[in-house]
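Before any comments, here is the structure.
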């Protein structure tokens, strides 16, 4: 047990401080903006301090544990704790949310509510990544939906209500299966229902029940990740949402599904995961190709980037399905790498479309001349997304490749076939990204329009872009910085699959 409640403070601080926004003096938006950014920054500094001085990397066990009785009637506890799996995701959440808050600077309509919802999301995400009770995990999973729905439906494009409704229907539908799985786990095999993850790790289930529970959880994660065919909410949502909301969706929300798949399905249901893993790898390989081909056919450049996200999630699914030390570490690396790259591409797409008031590629062209800074950063992050050596995307995809090749679970022919499919997906990625860059930035179409007055990136936007570019390069050059966080925990987790 930790003597100081670091994690409780990290979970409660954003939503509590966010609720005070409504009591700030009504003297324009500047006070609200600076207050929100200060809270995000304070939270990020607190978590960095707590993890630097109170977390031992070489210890694969759960650390900074907290356990408080919450509801007496059915023994429900507020249980928090972190390990190497959740550490990277929590730091990513703090980093991206702070920069997304800074990205939301131009928001003036209902700005108090907007910033409160962003802080409420922050609490939900930190709570999910640090919860050690399955019911608390589910509550945090659901807490996320309300702010996202409101952010989508109130700030965005013309079809924002349609995309917000589609998002809530998909995620609420997945949550029903999640809740059934939670209840099934809690009520099985004991007179007193308990959902402590420490106890559930040692719980064994009949084969049929374990497969049903696994499948129920998988549907919920398949919506969030997303896994095809439950992905269609994502392009609509990213096409309509404000770019600061897109940063949170692409950077953190999609990663919650991957985290749940590792934390719940792999850790608590190892036998079912061992059975399902070949199917996960096949689905991941199909997803890489399918989403890349679909992305190539998109006229709206925001939707093209959204489908590229779906394609990159395929590598995470393959890494999780490979059941190897290398593959799972590669999946965790890809979670963080895509968190940085995906969030930035949506930020760049949003800022560019705000300036041009255009999103269709055939209407664009020649904007590299009036907007050289946006062009440079867009090109740099597109290169990171297509896995250019020296950037985080390359290392993550390469490690997942090696994880699949070294997996003892698969025979040589299936390995060769899936590797071939992944390679085709990696070839398609530069095709759709570079063709998007060519259509947007090269040529003379918009440059020759009379009275066209395009403004390049300002200091605030450049600061956000450089802040994210540094870790992308850093992870690409020295991936061990991230892998060292999770390597011991991954080894402990996989000991359930391959006992020594």
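Just so you know, glycine gets a Cβ as well, placed from its N, Cα and C.
Annotation source Swiss-Prot lists transmembrane segment at 37-57 (among others), citing sequence analysis. Remote same-chain residues near the transmembrane segment (37-57) are listed as 2, 4, 6-7, 9-10, 13-14, 17-18, 63-64, 82, 84, 87, 90-91, 94-95, 97-98, 101-102, 119, 122, 126, 484-485, 488 (criterion: CB distance under 8 Å, separation of at least six residues from the stretch ends).
Residues 10, 29, 33, 36-37, 40-41, 43-44, 47-48, 51, 55, 114-115, 118, 121-122, 125-126, 129-130, 155, 242-245, 247-248, 251-252, 255, 259, 332, 335-336, 339-340, 343, 347, 354, 460-461, 463-464, 467-468, 471, 482, 485-486 of the same chain, all 6+ positions outside the transmembrane segment (87-107), place their C-beta atoms under 8 angstroms from a C-beta of that stretch. For 87-107 (among others), the entry in Swiss-Prot reads transmembrane segment.
The transmembrane segment annotation in Swiss-Prot covers 113-130 (among others).
Per Swiss-Prot, transmembrane segment is recorded for 134-154 (among others).
Long-range contacts of the transmembrane segment (167-187) within its own chain (CB-CB distance under 8 A, at least 6 residues past either end) are made by residues 134-135, 138, 141-142, 145, 148-149, 152, 193-195, 200, 203, 209, 212-213, 215-217, 219-224, 230, 232-233, 236-237, 268. Feature annotation from Swiss-Prot assigns transmembrane segment to 167-187 (among others).
Sequence-distant neighbours of the transmembrane segment (211-231) (same chain, 6+ residues past either end, Cβ-Cβ under 8 Å): 141, 170-171, 173-175, 177-178, 180-181, 184-185, 205, 253-254, 256-258, 260-261, 264-265, 269, 272-273, 275-276, 283, 286-287, 290-291, 310, 313, 316-317. The transmembrane segment annotation in Swiss-Prot covers 211-231 (among others) and is backed by sequence analysis.
The transmembrane segment annotation in Swiss-Prot covers 274-294 (among others) and is backed by sequence analysis.
Here the transmembrane segment (313-333) has long-range neighbours at 85, 88, 225-227, 254, 258, 261-262, 266, 273-274, 276-281, 283-288, 291, 392, 395-404, 406-409, 418, 422, 425, 475, 479, 482-483, 486-487, 490-491, 493-494, 497, meaning same-chain residues at least 6 beyond its ends whose C-beta is under 8 angstroms from one of its own. Annotation source Swiss-Prot lists transmembrane segment at 313-333 (among others).
Counting same-chain residues at least six beyond the ends of the transmembrane segment (334-354), those with a Cβ under 8 angstroms from any Cβ of the stretch are 88-89, 92, 96, 99-100, 103, 106, 238, 242-244, 246-252, 254-255, 258-259, 301-302, 305, 308-309, 312-313, 315-316, 319, 367, 371, 374, 377-378, 381-382, 384-385, 392-393, 395-397, 400, 440, 457, 461, 464-465, 468-469, 471-472, 475, 482. The feature transmembrane segment is assigned by Swiss-Prot to 334-354 (among others).
According to Swiss-Prot, the transmembrane segment annotation covers 386-406 (among others), on the basis of sequence analysis.
Swiss-Prot lists 417-437 (among others) with the feature transmembrane segment.
Tertiary proximity for the transmembrane segment (462-482) is limited to same-chain residues at least six positions away from its ends with a CB under 8 Å from its CB atoms, namely 88, 95, 99, 102-103, 332-333, 336-337, 340-341, 343-344, 347-348, 373, 377, 380-381, 384, 389-396, 399. The annotation transmembrane segment is assigned in Swiss-Prot to 462-482 (among others).
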